[in-house]
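Pulled from Swiss-Prot:
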BINDING   His97, His198  heme b b562 binding site
BINDING   His111, His212  heme b b566 binding site
TRANSMEM  45-65  transmembrane segment
TRANSMEM  100-120  transmembrane segment
TRANSMEM  129-149  transmembrane segment
TRANSMEM  156-176  transmembrane segment
TRANSMEM  194-214  transmembrane segment
TRANSMEM  248-268  transmembrane segment
TRANSMEM  298-318  transmembrane segment
TRANSMEM  330-350  transmembrane segment
TRANSMEM  365-385  transmembrane segment
TRANSMEM  391-411  transmembrane segment
Amino acid sequence: MSGIPHDHYEPKTGIEKWLHDRLPIVGLVYDTIMIPTPKNLNWWWIWGIVLAFTLVLQIVTGIVLAMHYTPHVDLAFASVEHIMRDVNGGWAMRYIHANGASLFFLAVYIHIFRGLYYGSYKAPREITWIVGMVIYLLMMGTAFMGYVLPWGQMSFWGATVITGLFGAIPGIGPSIQAWLLGGPAVDNATLNRFFSLHYLLPFVIAALVAIHIWAFHTTGNNNPTGVEVRRTSKADAEKDTLPFWPYFVIKDLFALALVLLGFFAVVAYMPNYLGHPDNYVQANPLSTPAHIVPEWYFLPFYAILRAFAADVWVVILVDGLTFGIVDAKFFGVIAMFGAIAVMALAPWLDTSKVRSGAYRPKFRMWFWFLVLDFVVLTWVGAMPTEYPYDWISLIASTYWFAYFLVILPLLGATEKPEPIPASIEEDFNSHYGNPAE
């Protein structure tokens, strides 16, 4: 499956042979869980199983919640309170689902930044990376629509602000916005549409996750060195790899148990810590909250959206050159989606021949600045648009684009990487010793 020489499934009994000839599902499962995996994978590689588990958790709890939820502006808020008070275990389902979204995004951000550090986007894994970024976009859309469903103050006004971004598109924007809303403003049609899509999209995400896994099983997994598994012979491949089962499955399950211990501690003891108190007030179109804040996992890109105000020189320049077509609001929308797009383009923006950041000293420095930059954007995204937060968000947004569009391409031409190991086996033995000795 991965092109790495290894033992494949061979049916032994007559029933196994009969089934394998007609539906080779046992062989598919065998080749999936026994796939040769680089033996030097570290703890940064445990977040894939966390993401897979959380996706299943979100789908299951979401289905249960949908059984008791009513997508109507007059009943939605009350139906959520009904779930909390009258449905057996309803409070647990809701808190697991709400905090599960936070765990999902925390895991995906770690997963993305791990990929950026170890060069998991480089050839031949570009398709894996692109599919992953599409999954991330669908996650954002699903989470946004789910946040609207409780029909609290922050739900309603968050929907008003975010759908208003589509209205900023010149010419066709207002029509797209009205089509999304189902009318001139956020109302019952909007709630019904968002509920339908929020129910549907997790299954689309699950299908893309299967493609994502298929893609990296085809190319083989990346690893901390960025060195490819030797494929010249089965003997060489076995020196670089271990079967996914039982070695990495057991490690991943242990890590998952630790993550879930922390997750359920949050669910049990501080389930509303990451929420907003305004969302416990029923939506009121006549009363605007003092400060509209999205969920924490949207804050970095929300900060970029707000960073490019009308008085920023580049916005003034673009506004003038386009004769007002690209105004500050539309520029912010472009910047927000552009910040995600530059991540998707990383395979072509990074010109270095060395895959892993572990052997790129200058890259490491700029990368950790990027991580700090992401944290700063998360912080200022929750702050009001006033001095000094507006300036901090502008500087942080500028660095985000500079890293991908300027620093990454230049590093490939100017950086002198450190020596990389000749094989995964060499790297493994340097850390843990040669098991043959």
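Just so you know, glycine gets a Cβ as well, placed from its N, Cα and C.
Location within the structure of each feature annotated in Swiss-Prot.
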| residue | record | Cβ within 10 Å |
| --- | --- | --- |
| His97 | heme b b562 binding site | 19 |
| His111 | heme b b566 binding site | 20 |
| His198 | heme b b562 binding site | 21 |
| His212 | heme b b566 binding site | 21 |
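With a cut-off of 8 Å on Cβ pairs spaced 6 or more residues apart, the transmembrane segment (129-149) and the transmembrane segment (330-350) reach 3 or more such pairs and are scored as touching. Cβ atoms under 8 Å from those of the transmembrane segment (365-385) belong to residues 109, 113, 116-117, 291, 293-294, 296, 298-304, 306, 309, 357, 392-393, 396-397, 399-400, 403, 407, 411 of the same chain, restricted to positions at least 6 beyond its ends. Long-range neighbours of the transmembrane segment (391-411) within the same chain, counting only residues 6 or more positions beyond its ends whose Cβ lies under 8 Å from a Cβ of the stretch, are 303-304, 306-308, 312, 335, 338-339, 342-343, 345-346, 349-352, 360, 362-363, 366, 369-370, 373-374, 376-377, 380-381. Long-range contacts of the transmembrane segment (330-350) within the same chain: residues 112, 116, 119, 121-123, 125-126, 129-130, 133, 136-137, 165, 168-170, 300-302, 304-308, 315, 318-319, 397, 400-401, 404-405, 408-409, 411-412, each at least 6 residues beyond the stretch ends and with a Cβ under 8 Å from a Cβ of the stretch. Straight-line distance linking the Cα atoms of His111 (heme b b566 binding site) and His198 (heme b b562 binding site), rounded to a whole number, equals 23 Å.
The stretch in 100-120, 156-176, 194-214, 298-318 that contributes the largest number of Cβ pairs under 8 Å to the transmembrane segment (248-268) is 100-120. Beyond its flanks by at least six residues, the transmembrane segment (298-318) meets 140, 143-144, 165, 326-328, 331-333, 335-336, 339-340, 374, 377-382, 385, 390, 393-394, 396-397, 400 of its own chain at Cβ-Cβ distances under 8 Å.
Here the Cα atom of His198 (heme b b562 binding site) is found 21 Å from that of His212 (heme b b566 binding site).
Put simply, His97 (heme b b562 binding site) is 24 Å from His212 (heme b b566 binding site) when counted between their Cα atoms.
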